[in-house]
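Peer 1: So Swiss-Prot has the following annotated:
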ACT_SITE  Cys383  active site, nucleophile
ACT_SITE  His512  active site
ACT_SITE  Glu514  active site
BINDING   Ser20, Lys193, Thr194, Lys195, Pro196, Thr197, Gln198, Lys229  UTP binding site
BINDING   Ser20, Asp153, Ile154, Glu155, Lys193, Thr194, Lys195, Pro196, Thr197, Gln198, Lys229  CTP binding site
BINDING   Ser21, Leu22, Gly23, Lys24, Gly25, Leu26, Asp78  ATP binding site
BINDING   Asp78, Glu146  Mg(2+) binding site
BINDING   Gly356, Met384, Gly385, Met386, Gln387, Glu407, Arg467  L-glutamine binding site
DOMAIN    297-539  domain 'Glutamine amidotransferase type-1'
REGION    1-272  region 'Amidoligase domain'
Amino acid sequence: MSIGDVCSARFIFVTGGVVSSLGKGLAAASIGALLQARGFRVRLRKLDPYLNVDPGTMSPAQHGEVFVTDDGGETDLDLGNYERFTGVNTTKEDNITAGRIYQQLLAKERRGDYLGHTVQVIPHVTDLIISFILSNDDGADFIICEIGGTVGDIESQPFLESIRQVSYRLSKNFTIFVHLTLVPCVGSAGELKTKPTQHSVKELSSLGIQPDIILYRSAEPLPQYQSAKIANFCNVSADNVIPALDVESMYKLPVMYHAHKLDTQILSHFGMGAPEPDLTKWANVLTMVNNARNVVTIAIIGKYTKFLDAYTSLTEALDHAGMHSGIKIQVKWVDSRLPVRESDLHDVDGVLIPGGFGDDGVDGKVLAIGYARANGIPMLGICMGMQLAAIEFALNVAKLEDANSTEFNQACKNPIVVELPWLQKGEGEYLLGGSMRLGSCTYRLSADSRVASVYGSTVINERCRHRYCINPQYKNVLEEHGLSFTGMSDSHGLVEVLELQSHPWFIGVQFHPEFKSSPFAPHPLFTSFVQNVLQIKQRGFMHKSVSAAAILVPGSSVVS
């Protein structure tokens, strides 16, 4: 049976050269959005050459955020861009890594599936990669596959060989190669250099892949003679040398790529006709971005503030809420690993505490939560941010001595936060990767709560990624002191939402709402947060009379 017998979709393979982090994921997402706007069904996938099974245990400082899918996949952040640009939910099967391929390969070898054969990279590894590429097309007209890394990386070679084989077996009528490269600007004269692109294409061609379209990343379009030079020496049509220009907003990319006929050239390659794309919604987004008049400053207190890819979905969700509310969001990044001073918080209009792991930077986050609580500053805590809000309240309001999380101190007197019951270590091997509570869950909200009003419903579905939870033994004592637990999980009875109803806007959620926000449908929790930040700022409700020095953090002595 040939590949064509099992898959009728066209394949668009997006590769990158010269350097990493050029924007392959956004280019792939933009292609998907443009084809979707012409009436086609699309599916996007990411192939990562690293040997981790998934990015779940990788440092955000190296890899960026871990994007969680509805079905519990811990995936590359590019899948978040795919979802935001196309509105098509991805799954854990849309992100494959070399580690996962080798895991499957070795399991098959141990079962005897290769009995009698010498297991090799070619054909056994490449066959598994090809199987992933072709699987579960769900009736898509186009499957867009982004290959992580850079052409020339040793670890990328099996993936590049796999897509070469797919193209050979399907024929050029069903595959197209889009290669993104860098055209650097060198010297004080600002000379644009095309030689790195030529070498990158030469490297790709040596592996049996001839790019059909070259996207060159640059601050400005190349002069015609330089564009023609790339076409000539890289063996592509001059019409297929297309700029991938720096833009102020990523949401300008589909409009820009269409203006340079990227989608037109792709369809021409396949000999397919289609109506012009309806880009009205993209134009509307850009109008909203440009028309925001009110400005608020929101402090994000985290430990990866030098690596902003760690918070991609978070900052995008803030921007979505802001653009739909006519508000420009200025983010003030505060490194929680450094001493957080009152001067870091005195000029902010809102505080956001993101998720995280480990005790590094916890005191800075707790101090910021306490300062926001005591001074009427809107505060949104997500995942660990919610857990720390409960700990801060226990220390400073309920006066519970040595209130803490067992993640940070197993021997604390008052464990406000504990490991999920079904994850607590017992006999045998303890696996860290892939063992958290992951994916979409159903939550029930108190009918009279602020958060139910925000959602307009008492039953919601959100994505989670956590190993720890609020200790139910402390629910009553914290409620007696004024903290409300207004959301519970449908299946396990866990505390999922807390709020302080005496505060202008103070909400913590165990789940990750940022994963379900889009530029066309901002998440209601972020919208409420941003709008209340502006309203409270304009009304002057924040008094900022309580000093940050008065806030107790874990390990502090409680003064009765």
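Note: Cβ is positioned from N, Cα and C throughout, glycine not excepted.
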Peer 1: Given the binding-site residues Gly23, Gly25, Glu146, state which is nearest to Thr194 (UTP binding site) when distance is taken between Cα atoms.
Peer 2: Gly23
Peer 1: In sequence order, what residues of the same chain, 6+ apart, have a Cβ less than 8 Å from the Cβ of Glu407 (L-glutamine binding site)?
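Peer 2: Within the chain, Glu407 (L-glutamine binding site) has Cβ neighbours under 8 Å at Phe357, Gly358, Asp359, Val417, Glu419, Arg467, Tyr468.
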Peer 1: Reported as an integer number of Å, what is the Cα distance between Lys229 (UTP binding site) and Asp78 (ATP binding site)?
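Peer 2: Counting only the Cα atoms, the answer is 32 Å.
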Peer 1: If you count Cβ atoms within 10 Å of the Cβ of Asp78 (ATP binding site), leaving out that atom itself, what do you get?
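Peer 2: So the number of other Cβ atoms within 10 Å of Asp78 (ATP binding site) is 25.
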Peer 1: Let me know the largest Cα to Cα distance in Å among the L-glutamine-binding residues Gly356, Met384, Gly385, Met386, Gln387, Glu407, Arg467, as an integer.
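Peer 2: Across Gly356, Met384, Gly385, Met386, Gln387, Glu407, Arg467, the two farthest Cα atoms sit 14 Å apart.
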Peer 1: Mean pLDDT for the region 'Amidoligase domain' (1-272), rounded to an integer?
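Peer 2: Here the predicted model's pLDDT, averaged over the region 'Amidoligase domain' (1-272), is 94.
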Peer 1: Given the binding-site residues Ser21, Lys24, Lys193, Lys195, Gly385, Met386, tell me which ones have a C-alpha lying within 10 Å of the C-alpha of Glu146 (Mg(2+) binding site).
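Peer 2: Cα filter at 10 Å returns Lys24.
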Peer 1: So what sits near Ser20 (UTP binding site) in its own chain, CB-to-CB under 8 Å and at least six residues off in sequence?
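Peer 2: Non-local contacts for Ser20 (UTP binding site): Gly149, Thr150.
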Peer 1: Determine, from DSSP, whether Glu146 (Mg(2+) binding site) sits in helix, strand or coil.
Peer 2: strand
Peer 1: Could you name the residues, excluding Gly356, Met384, Gly385, Met386, Gln387, Glu407, Arg467, of the same chain that surround the L-glutamine site, i.e. Cβ within 8 Å of the Cβ centre of those residues, in sequence order?
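Peer 2: For the L-glutamine site, the extra neighbours are Gly355, Phe357, Cys383, Leu388, Ser405, Val417, His466, Tyr468.
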